[in-house]
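Data block below; observations after.
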Amino acid sequence: MAKPRGRKLLKKQQKDQFEPSNDVEKFEDDRDHQENVYQGDAADSEKSSDPQMFFGVLDREELEYFKQIESTLAMDTFESSEEKSQMVTNVLQEAKGKELKLVTSQICSKLMERIILECDDMQLKSVFKAFNGFFYNLSCHKYASHVLETLFVRSAALLEKELLTPTFDNETSNEDGEVFGTMENMFLFMLNELKPHLKSMVSHQYASHSLRLLILILSSKMLPSSTKNNSTLRSKKSKIARKMIDIKDNDDFNKVYQTPESFKLELREMLTSLYKQYTHNADSRSDISPTDITKFRELCVDKVASPVIQLIIQIEGIFDRDRAYWRLVFNTNDEKDPKEEAFVEYLLSDSVGSHFLENVIASARLKYVERLYHLYMKDRIVKLAKRDTTGAFVVQAFLKHMKEKDVKQILDDIIPELSILLNSNMDFGTSIINASNRLGCYLKDEVVNQLIKKYYPEESENKNILESCLLLSSSTLGNTRDDWPTADERRRSIFLEQLVNYDDQFLTITIDSMLNLPEERFLQMCYHGVFSHVVESVLQTKRVDTIKRRLLLNVLSKDIVNMSCNAYGSHIADKLWEFTAKLTVYKERIAQALVDETEKVKNSTYGRQVWKNWSLELYVRKRWDWKKLIKEQEHELFPNAVKPQPKNQQFKNNGNDNKRSSDSNYSSSSNFKKQRR
């Protein structure tokens with residue numbers, strides 16, 4: 001058969017090409033609404049795209065009152081917990097009937113979050129009940145959605161509490177006579193309210209966050225912090241804003257909660273109904289129209305909907321062994337599909353798509369991941385690794401989750417190019433080192449050679465790993481403006497620490513680079529929020545030879561008092577207690593320097609900790625006990641060390657013993673000279 005070319009080939013390629021539409025967020029069905037699971041709800045469907053989010057405004061006096069309360073709670077200067085609890089009770093009384101106005105106000109929504117974090121169980125149920133009938137509306141609101149997320153996390157904690165301490169009463173009441181059901185029933189009632197709107201929530205800018213949190217709660221997964229940088233729930237802007245307004249999570253965050261069995265059934269029902277809406281009630285994968293598959297794939301690369309789809313794929317195995325959502329996105333047969341190939345190529349070239357693929361690889365069945373790898377990526381793994389903002393992250397995911405045979409093949413292909421890959425993606429070095437360690441240090445020598453070639457090349461006259469890896473000359477080191485260490489500095493420091501722990505060559509190289517710095521520059525590293533960890537990482541007593549230890553201590557001991565009183569330097573001072581083992585002169589020199597500045601050291605929070613860790617009270621009051629402590633430390637660190645014998649011991653032995661002793665002394669002397677060299 002003739003090879004297709006020209007217009008026919010171009011037309012076929014354009015047909016198979018995956019190009020997401022610009023209007024993914026709307027995702028309107030082009031089929032009759034009668035096919036949807038929730039039939040006859042046309043009015044609700046129309047409302048779901050534009051829910052009511054205005055519930056009136058507070059008058060000036062009310063606004064000023066709630067503003068003042070918010071600032072009072074933010075300062076948290078209460079004399080007792082009872083006083084704080086009383087204020088929360090009073091605010092909730094004032095807020096009766098105004099809850100919807102408060103949560104949709106920029107300032108007052110912060111107040112409601114603080115109240116929810118501080119209120120007791122009955123008050124929490126009261127707030128939850130006040131939102132009945134408006135949960136969808138509030139989830140779509142810029143400010144109210146954050147309040148809902150806090151409410152859901154606290155509700156999950158109360159759910160577990162009621163589950164572990166059951167009562168015979170299904171209803172409780174507060175002091176005002178207000179009757180509440182169990183938290184489980186209240187939660188299920190809220191979920192029924194949201195069910196008709198699930199599809200629109202998936203791609204809504206704010207409601208998608210609430211939906212993700214609900215899925216995490218229903219599946220008993222970790223509920224992430226709302227402020228930590230690695231939180232999977234909030235957006236980057238949201239986490240920064242939350243830090244600026246200083247709303248701290250309570251103990252209910254960053255935990256996994258037990259949930260009732262009804263939640264698993266509810267999760268299954270919700271996601272099954274959502275699947276039917278996306279597939280228009282198709283009975284099997286083969287019955288789903290190509291248009292529906294394409295539209296769902298568009299959601300996978302949408303910056304709002306993609307995290308929701310990722311989460312659904314991660315947890316669908318709880319209730320669905322067939323993994324319907326995975327099969328909706330990808331095929332499962334062993335043959336290439338042109339449209340799927342175009343979609344995978346788009347994922348590997350798009351920042352959102354590559355993040356999607358990286359995350360679903362971590363939770364998918366291994367046979368599904370292997371299929372994608374062997375069909376579409378195996379033969380071009382190096383090219384993908386060079387896509388530093390997209391495909392590189394997918395390759396790193398393969399290194400973590402593939403079988404040993406495939407990981408070895410990837411390492412064989414990538415390691416020769418490692419020094420080039422590190423130019424744009426330092427994380428690749430971390431992934432390769434971790435993969436090599438898991439495989440019993442597979443190709444470790446080649447990895448080390450490539451890393452040295454990159455950061456400490458032999459042909460360079462001014463080679464310094466601190467400069468090539470940490471970029472010291474352009475860093476915040478030595479700045480007097482109290483600049484925070486940058487994220488890039490933190491990432492580079494962690495990588496260098498990993499290199500130091502990976503191989504002794506990097507430990508030696510790093511120490512040599514530190515000693516080649518001007519002393520002032522080296523000491524500045526000890527006071528830096530990030531680089532101090534690098535200094536700390538090289539202070540490994542058993543791995544560093546005695547000469548290098550002496551050279552390091554000559555510099556570090558010069559400013560030991562100021563270092564001990566510093567938040568970062570004090571950790572290095574603590575580490576020197578062990579690092580000076582068998583170097584008693586240095587240990588005593590540091591101890592005496594700290595004792596000479598007793599007042600300064602003891603007036604510092606960090607200095608007091610160093611004083612304690614160095615047992616300096618013992619040094620001052622019972623010097624012999626302190627020296628005994630040193631001997632115990634040395635014996636613990638070097639249990640096989642030969643104890644020195646008195647010089648006249650050899651004269652007490654017979655001739656043969658003298659000969660053996662002489663040979664032994666010669667041998668140990670020879671070894672010592674070799675060590676010095």
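Glycine too: its Cβ is placed from the backbone N, Cα and C atoms.
Residues or ranges marked as compositional bias 'Basic residues' by Swiss-Prot: 1-12. Here Swiss-Prot flags 13-35 as compositional bias 'Basic and acidic residues'. The compositional bias 'Polar residues' feature in Swiss-Prot is assigned to 646-655. Taken from Swiss-Prot, the feature region 'Disordered' covers 1-50, 639-677. Residues or ranges marked as repeat 'Pumilio 1' in Swiss-Prot: 94-129. The repeat 'Pumilio 2' annotation in Swiss-Prot covers 130-165. What Swiss-Prot records for 193-228 is repeat 'Pumilio 3'. Sequence annotations record features per position, and here Swiss-Prot assigns repeat 'Pumilio 4' to 287-331. Taken from Swiss-Prot, the feature repeat 'Pumilio 5' applies to 339-374. Swiss-Prot lists 375-412 with the feature repeat 'Pumilio 6'. Taken from Swiss-Prot, the feature repeat 'Pumilio 8' applies to 554-592.
Sequence-distant contacts of the repeat 'Pumilio 1' (94-129) (same chain, at least 6 residues past either end, Cβ-Cβ under 8 Å): 53-58, 62-63, 65-67, 69-70, 73-74, 84-85, 88, 138, 141, 143-144, 146-148, 150-151, 154-155, 158, 161, 172, 174, 178, 180, 183, 186, 190, 245, 247, 249-250. Take the repeat 'Pumilio 4' (287-331) and the stretches 193-228, 339-374, 375-412: counting Cβ pairs under 8 Å, 339-374 has the most.
Across the repeat 'Pumilio 3' (193-228), mean pLDDT in this model comes to 89. When the repeat 'Pumilio 1' (94-129) is classified with DSSP, helix, strand and coil residues number 28 helix, 0 strand, 8 coil.
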